[in-house]
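First up is the structure itself, then whatever we jot down about it.
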């Protein structure tokens, strides 16, 4: 008699994806972030569902409903801070996952990579809309500033912004639709994750050497399930420490003041995980130029497979490319720091130089370095 996990129409899909899946034996802990992202998504959907039971998407009551949740709902504060800090963990895992893809050449699986970039955009949109919902000062002004960027689009810009707002400013209609989309998008993300995994399982996983590993495969369960569980416990420990000891560390104090259209906060800034893109936006004095740079700072990931000039897939045996990669990481950390600083000297010039370096590394320096490494190895 055939084992049920290999014969049942539904269970055999799970079996071939998570149990008997042939996996390279050499993949390191950098391959844990996919499962951690799945965990984060499940956590965000669960906590978000319970938060939505107590939230009201009306400008008059939104701020008070969040306050009520934290004060009067049993463990409401845990749910709220798990959701808010869970988003931070989500983005930490996302950026590490993308970084791993760039370092080890996983972008050569073009379909998997492109669905991943679409996922990144969707998660960013979801997080932005979620930040607007508590209807604090930074929620209101963040929504106003970021949506207003669309007015830079020639001819249709102003109409587009007013269409998104549902009026002539960020108001009740905006909050209601943002809540509707914030609730809907995680389920669309879940469907996109399925597509992402479908494409990944067509080719199988990459490995640190970047070479085919068809001759050295092991089953996903129990080896990698145990390894993923370690990552899960480390992440949950970090998240719980954040939630229980310093839940507001990554938030903005301005968001504890109710939204007031008549008083602008001294420094309008998004959540920390968008600061690098915000710094690139601010570093260009022209509005349309800034918006284009903002979009391109993420969209540039799509052309990374086209810029691959090396004969080797992974950076494991390419020391010059490794130096450039870590320079890119340092540059992104610098941009994140600059995004949180006021627009004054010397932060402006540092931001502009870091923005130029960001695009320069990806578009010019990495392909040229790869060609140089090919030449050094007589290829």
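Cβ coordinates are placed from backbone N, Cα and C, and glycine is handled just like the others.
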Transmembrane segment range according to Swiss-Prot, out of 257-277, 320-340: 320-340
Sparsest Cβ surroundings (other CB atoms within 10 Å) among the binding-site residues 182, 201: 201
Candidates 83, 182, 201 (binding-site residues) - the one closest to residue 97 (heme b b566 binding site) by CA: 201
Which same-chain residues, if any, lie at least 6 apart from residue 83 (heme b b562 binding site) yet have Cβ under 8 Å of it: 44, 47, 48, 51
Intrachain neighbours beyond the transmembrane segment (178-198), with Cβ under 8 angstroms and 6 or more residues off its ends: 17, 38, 41, 44-45, 48, 52, 55, 57, 112, 115-116, 118-119, 122-123, 125-126, 129-130, 132-133, 143
Recorded stretches the transmembrane segment (226-246) and the transmembrane segment (77-98) touching, at least 3 CB pairs under 8 Å: yes
Cβ-Cβ neighbours of residue 196 (heme b b566 binding site) (radius 10 Å): 21
